[in-house]
Amino acid sequence: MKSLVKAKKEPGIWMQDIPVPEYGVNDVLIKIKRTAICGTDIHIYSWDEWAQATIPVPMTVGHEFYGEIVEVGKEVQGLKVGQRVSGEGHITCGFCRNCRAGKRHLCRNTLGVGVNRPGCFAEYLALPATNVIALPDNITEEQAAILDPFGNAAHCALAFDVVGEDVLITGAGPIGIMAAAIVRHIGARHVVITDVNDHRLELARQMGVSRAVNVKYQKLIDVANELGMLEGFDVGLEMSGNPMALNDMMKAMNHGGHVALLGIPPQETPIDWNQVIFKGLVIKGIYGREMFETWYKMIAMLQSGLNISPVITHNFPVDEYQHAFQIMASGQSGKVILNW
């Protein structure tokens, strides 16, 4: 089968012909129809320090997908051939304390599809049935291909009560933009998103934010004043991993505010702890998606009218994957889809 493989310990990804994966009694085999390129895939392509320490070579990469079931293991129940599916990309152990307590997103032994085990940038993917998400007919193929990052956005956006609250989002990448759409959909008052990339700020405007702010040219305090905000932001969603953005968020928060951290800053990032302590801020780290409550909520939001399609800006046949990766890495795109 056709597959995109991290075949060498150097920058690049290569298209290769490899065998169709075997599947076990508790697995399903999925015919891949569409995949989406993630920032993680860009790290793997560029072969940065994180990728060198993490990715086995050779290995098929990719973890965001839509497909149809073509084979079902003999012990699998509740799934059948022909079903439209996506899937949870974190494979958990099932035996650690958090897994046994129903908090599988906190499994200490998680393996990532396309990171620690073969991924979905291929014509077929074998996946444990427990990780497969059957989809209703009114979820489009393009939406289904980006449910994984949409789930990151939903997990972060739903971490705290945002109904009637003023929300600050730092980082207008695809996940930050989708988080903005979510909090607006569920009833936030003012939604402000910041970045230094005008292209992505314009995408955020299309998703209905109150203000999309290029912090190179405008100060948050001025935006808050324009919106009539007197006491700072109630909820912060940090998506950028940028140390300056993180500290700007802390300064902009109201006393008693809540901050969810999804972006990954450098390890030695300093924080002004006076902002945290004297304001009584609550900070929560966000990783992946809650299994599987986040999945139920994000599908329900799509069915109830939330439109995330504007964040999808490019579609390419898989044979043009090199150009697709260049577009994604340029920062001049939203989500980029590969059609199989």
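Cβ atoms are placed via backbone N, Cα and C, with glycine included.
The record from Swiss-Prot ties Asp195, Arg200, Leu262, Gly263, Ile264, Ile286, Tyr287 to NAD(+), and of the options Ile175, Ile182, Ile186, Ile299 it ties Ile175 to that site too. Site annotation for Zn(2+) 1 in Swiss-Prot covers His63, Glu64, and the matching candidate from Cys38, Cys93 is Cys38. Excluding Cys93, Cys96, Cys99, Cys107 themselves, the residues of that chain whose CB lies within 8 A of the CB mean position for the Zn(2+) 2 site are, in sequence, Thr92, Gly94, Phe95, Arg97, Asn98, Arg100, Arg104, Arg108, Asn109, Thr110. All chains included, 27 other C-beta atoms sit within 10 angstroms of the C-beta of Asp195 (NAD(+) binding site). Between the candidate binding-site residues, Leu262, Ile264, Ile286, the densest Cβ environment within 10 Å is the one around Leu262. A Cα-Cα distance of 19 Å separates Cys93 (Zn(2+) 2 binding site) from Ile286 (NAD(+) binding site). Sorted by the number of other CB atoms within 10 A, the binding-site residues Cys38, Cys96 start with Cys96, the lowest.
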